[in-house]
Amino acid sequence: MSTTADKIAVLGAGSWGTALASLLARHGHPTVLWGRDAAVVEAIDQRHENPRYLPGIPLPDSLRATTDLASAVEGAAWILVVTPSHAFGETVRALAPLRPAGAGVAWATKGFEPGSGRFLHEVAREVLGEDVPLAVVTGPSFAKEVTQGLPTAITVHGDVPEFAQMVAEAMHGPAFRAYTGDDMVGAELGGAMKNVLAVATGVADGMQLGLNARAGLITRGLNEMLRLAAAIGAKPETLMGLAGLGDLVLTCTGDLSRNRRLGLALGRGQTLQDAVREIGQVVESVQTADEVMRQARRHGIDLPISDRVRAVLHGEQTPEEGLRALLAREQKPEYPDTLFK
């Protein structure tokens, strides 16, 4: 069990990394935030603001920031990685020789390893070795609301219960509820797939297809999550909780979601390039859609919504063509007989 005297290192000074570092610092933990952008790091360390990702939101005076990875992790009780998925492997590999003995590694990154489609816990385990406690932090949470102190609930799934509990206890507070679990596969799957499905609901809303269509896409999107989860050995209850349904609903309905905003722009006729440029931050769904479908093909699972999103993002179909393809599918039972058995 950690105490408020234990240092925590947070790697990644984007909006979510800054929000979680701010949360930990407000809870009394000595927290150091590492980032690559010297201007952003200086602003956080000296002016207690992240002007690029969370402008106008004050950060705790106690939060320190640095561009020196070795300095950031030195003496840390545990380390939290919060980078985009495409930078996760590189960050963990840089961390490996610097990690203090006994320090567990958690991450709040959502997605798969680009190219291989591997889960991030597989990447971390390969790089860090078998003896390092690992955990994934996930759930319905917008960075801006967390830094504003608005109520939020997340879940921490780990392969060592004591480490997952340590991470959850450090984050848990008056406006931030942290639960625990042991299904890292399900937790990571939900956090990745919801980004793809948020594009679908954004496209539908951008095309002004109505609330019925949005509700249908969310529900059938959850069905896709559950079917892929069953195929890869995840627990269905994980996908029905904060890591799956909770994150799915938030990302599909909240306009703070970058992936939903991407879908809205595409549904209104913008190009992918213009939409991504306008959003101005990493949009995980562009790469994640490929990796979700790679997993689906590997396990022989049909994911029609996710596949149409992938096709639209690659310019293989227009949003209108993707919609027609979904509506033209044959009638069938809502759930396979074997899904919950």
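Keep in mind that glycine also has a Cβ here, set from the backbone N, Cα and C atoms.
The shown structure was predicted, so the numbers you read here are calculated from the model rather than taken from an experiment.
Within Lys110, Lys235, the residue that Swiss-Prot lists together with Gly139, Ser141, Lys194, Asp247, Ser257, Arg258, Asn259 for binding sn-glycerol 3-phosphate is Lys110. Here Lys194 (sn-glycerol 3-phosphate binding site) is compared against the binding-site residues Ser15, Arg36, Lys110, Ala143, and the shortest C-alpha distance is to Lys110. The separation of Asp247 (sn-glycerol 3-phosphate binding site) from Ser15 (NADPH binding site), Cα to Cα, is 17 Å. Between the CA atoms of Gly139 (sn-glycerol 3-phosphate binding site) and Glu284 (NADPH binding site) there is a gap of 16 Å, rounded to the nearest whole number.
If you measure from the Cα atom of Arg258 (NADPH binding site) to that of Asp247 (sn-glycerol 3-phosphate binding site), you get 13 Å. Proximity to Asn259 (sn-glycerol 3-phosphate binding site), defined by a C-alpha to C-alpha distance within 10 angstroms, is shown by the following binding-site residues from Trp16, Arg36, Lys110, Ala143, Glu284: Glu284. In this entry, NADPH is bound by Ser15, Trp16, Arg36, Lys110, Ala143, Arg258, Val282, Glu284, whose most widely separated C-alpha atoms sit 22 angstrom apart. For the binding site of sn-glycerol 3-phosphate, formed by Lys110, Gly139, Ser141, Lys194, Asp247, Ser257, Arg258, Asn259 according to the record, the largest Cα to Cα distance is 16 Å, rounded to a whole number.
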